[in-house]
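Colleague: This is the structure I want to talk about, given as structure tokens.
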């Protein structure tokens, strides 16, 4: 069936706006009227099928998957590969020119072309394989669709396939079901939905029939497609289906977002541009030279192409890919799974991290934070508790509060010996998040909760509901008191109304104005911490009125139907106030440290959360995202004050801002907390940051985060709590959901940028010794000192591993103490790097190569003076008796054997001089002696490249295949002075840089 | 709203290029923006980069900058050149100019064959690129597409002149006729060498003399052959008829044992069909085969050394066709390779006589 694809730009803009939905504001009858349905009868089958025909099935348009072949092609033809392709094509052109114009064509250009093509293809497949491995395409939205849905049609309820659901259907939802479409609730029974996939809020939300908020995510009477009914049941009328649902819009928005180039891709483009300009300029200059030297036009063109192609760094593509892959693997070991290789570096150049709160900064687990009793606020950290344990042990108040908290709690540990043997905090529990938190706290402090509950058996209970906002139960106690004990817990303002006394220091005293003020202060303080506060109270029911065996009537059934019905046959006022317990989803242990590190690394942190501003601000303060000590109210006002450092902004305020205001908001405030934000707003925030030139990392776990994740320069999803959708939209996955892991990522990203620079410097340095032989061959007409195959042996053989080993190099200085690189000015390959690599390191190598070439030639009879102008005769098959400086006459075959020996010697020289070039590339400023030799991969690579050179030179058949000859032993020692020269020169250069920063050496050679 | 108005003004100030990018284009500055640059701006940037009139910068460097970097690289290049030159100079100062450091099997000459294996050279060879001897016997001078034989004769004359020129200072050639190699060898190492007498060709009334234009003008060209000089290399000549290759068995004479034998033939059957008669003029008494006398070896870089020569006289060949000729030298320590490419112990040339 034809489905409209919402991917055009206009539609995308439309998607960015908030969903337009007013069904929650309408009266239920109006909703029925709008959709032509009724709660009892539902839709008729006929009408349903008509609507189905009109709206399409109720499922999400599958994400358009990039065909594998396109993904492969992207790897084959993107960026660097394209440069190599052009090189390869040029090679073939040059080869055919030679083939058709010269009598005695060489096949070098063809070999080079083939080598280039194979490098691209192999590297292409490699990176494609890497990508495919780490990014499994998950059709995750599909999994959100429930398997069966119960709808009322023709007055009968029946199970149908959820994709057949249409607008206007009446659906019945049981506990544990996924909501099959966006619905307006018409009847609910203790319904709680898990909206975490939409908002990221971990706590199940109470849903009912009331319209409580203008915001569609907040209001009680809506439940959304793809969310989960954790508790209770409901009946609702379907108001949106398929792609029009809340989640469907997000899915389409995510699918439609196009991302810009990654910083590393931009850098590589920049690098290619520099290389190309240099190659073409050098090529053209020497092409013109060759014409003046009397070569034919065809020869000149072949030279031009050869020179251009000779400067293509064949091995670099593979090196960069492998370096990134290695880093990705290293990061995977540290719980950062990288899906997109290029994203690794992005993290390093990140300037802004937009982080989610729940689950990333916090543990996503409600925990008891503080308690207030005896007019003290006590930190309920386990450690804190033990230091105060004596005080607590003898406090009557504490024991009363603990009793109340233990008894007035319906949460239990999952009854499984395996589970019960675990440490308390890790046990599985059943029940409401805050009750679980209190249960765990009590178990931890007082010990055996279940035993205590069984000896203080529950006689009657009233469950917590969103309308009464308290919960009470009546127990018989084991403390030799015949009277029943009524314990109550709930929202403080509700409990306080029912209390007449307060229990302080073991005395029950009147709950007068003084104590009320005390309570107010404590409550304010706790809630300012962003904590959810619960109040506890108890009451001994008089024995005379409520003797043993008294029938307590809680009227639970009625109670749910009519929440305002509070007719119990026992009193619920005149209680004794015990204290407060406050709960919070606490920040993860090492987050504060990680935030501090981010800050010292010059990275701004913005917190974007769907949570309440107070909670958000509290966590932000706790973790150090906000360092301003002002009150949260002040911070909220700071939004419009450009001088303030920190601010907290509410989603509703954000909604009213235009883009200029947003720009200013983000530009002028260093520390920002966005609270109560919608997914669309998250996306807008990311876009604003990007507009300001920031490189944005976004963390998120919910479906709602996926547009922002996709839009961000690097999207970071959570591995444990993250929805599949968010994982799919992201570039990186934190396997342990820990924000601190991002720091590792940033560090690795920065190291790899530095190390890639070093790798490039190393790889490029052998370009001059590879190019200059050809230039001298052309200009001075000497026999060719270094052949194409030898060049390939260097570029794709001996140079590869050392270049890759630089990826293992440790950072030179504390890279987490310097600001992120400025993408506009700090480039991967700069003219200075090229000048350093080509002009200096390369020159020494070339010098060494020519020296060894001269010696090999001379020792075999051709003195330097004889070499000049020899090219034509040397290369001519017709000359069978070429005389050398000793009067010996050489046949073509014999000369070529000598020439190949020279190539081998030149090749070996480059390898040997590259030893110290590699050592020099280890650091950019530090002396080698300070940098140390602890990079064992690099040390091994030096040995390896030497062994490889020995193998290539001496192994029979292999050496002939590569047109090499065994070298005499002493030729291996000839390059050593140049090897030493590299080391001395570079140490001197770095010493100057360190000693005289800003001097000409520093300006011209530090890359 | 007061708050809003402060907002707006701040925003305008903070965006220097947001007002109009056109005005930015007029400035001589590289445009840096947070947004993507337009083509216009990129072109502008490129132009400014190439030459910036405001700062007088070319490619992002002013005159002083260029001077500095030029100086730096000049000094650097001089330094490298100095290092290179001194290294090579030291080497050249210590290397023996008369005796190659690598001789015999250790020389690169022996790389492919594991021992030195001399090839042959031929004259006249007018072009570096070609092994073709093509001429019109009726023309002396080249005229358009008609190649004359003049230049071939000239080259042969030139080459032979080398044998008659008196090397005043170093000519220490001796007459080796009838002297055994064992007596000669020490003299060679003293710098003496056997004299090759080219008057022989005239004295023996051979056609291959300049007076007869080497018979090029009769379509019967004489081609000169010589064996490549290799330091210290000595031939091991065939001693009796049993050792020689098949084709020489019939014509074997005892004289042959002093010679490196040379025979030319068409390379393929077709070529052989075009060659009707060949004569060889060398120190040997026969004309049925050529030979280099073994007394000329070893060559030890003597100053007056002249290679022994053979004239191959193509007495009767087909005209107006291309004939591939291959000449091979035969001795027990000269090996051949049938592949044309290597030309081991042999030489190849083509003849077209019109």
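A Cβ is built for glycine as well, from the same backbone N, Cα and C atoms used for every other residue.
The domain 'Cation-transporting P-type ATPase N-terminal' annotation in TrEMBL covers A:22-96. The annotation transmembrane segment is assigned in TrEMBL to A:77-97, A:109-128, A:271-295, A:301-324, A:774-797, A:843-863, A:937-957, A:969-985.
Map these features onto the structure and tell me what's around them.
Modeller: Mean pLDDT, taken over the domain 'Cation-transporting P-type ATPase N-terminal' (A:22-96), works out to 82 on the 0 to 100 scale.
Tertiary proximity for the transmembrane segment (A:109-128) is limited to same-chain residues at least six positions away from its ends with a CB under 8 Å from its CB atoms, namely 71-72, 75-76, 81, 84-85, 87-89, 91-92, 94-95, 98, 302, 305-306, 309, 312, 314-315, 317-318, 321-322, 325, 341, 788-789, 791-792, 796.
Sequence-distant contacts of the transmembrane segment (A:301-324), counting only residues of its own chain at least 6 positions beyond either end whose CB sits under 8 Å from a CB of the stretch, comprise 80-81, 83-84, 87, 90-91, 93-94, 97-98, 109, 112, 115-116, 119-120, 122-123, 126-127, 130, 268, 275, 278-280, 282-284, 286-287, 290, 295, 341-342, 344-345, 752, 755-756, 759-760, 763-764, 767, 770-771, 774-775, 778, 791-792, 795-796, 799-800, 803-804, 806-807.
Long-range neighbours of the transmembrane segment (A:937-957) within the same chain, counting only residues 6 or more positions beyond its ends whose Cβ lies under 8 Å from a Cβ of the stretch, are 793, 797-799, 801-802, 804-806, 808-809, 904, 907-908, 911-912, 914-915, 918, 922, 964-967.
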Colleague: Take the domain 'Cation-transporting P-type ATPase N-terminal' (A:22-96) and count its residues per DSSP category (helix H/G/I, strand E/B, coil), listing them in that order.
Modeller: 46 helix, 1 strand, 28 coil
Colleague: Taking residues 6+ outside the transmembrane segment (A:774-797), which of them lie with a CB under 8 Å of any CB in it?
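Modeller: Contacts of the transmembrane segment (A:774-797) (Cβ under 8 Å, skipping residues fewer than 6 from its ends): 108-109, 111-112, 115, 119, 286, 289-290, 293, 295, 303, 306-307, 310, 313-315, 318, 763, 766, 849-850, 853, 857, 862, 867-872, 874-875, 895, 899-900, 902-904, 906-907, 910-911, 945, 948, 952, 962-964.
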Colleague: Against which stretches of its own chain does the transmembrane segment (A:843-863) lie, if we need a Cβ under 8 Å and a gap of at least six residues from its ends?
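Modeller: Cβ under 8 Å, 6 or more out: 765-766, 768-769, 772-773, 776, 783, 785-786, 870, 884-886, 888, 890, 898, 901-902, 905-906, 908-910, 912-914, 917, 971, 974-975, 977-979, 981-982, 985.
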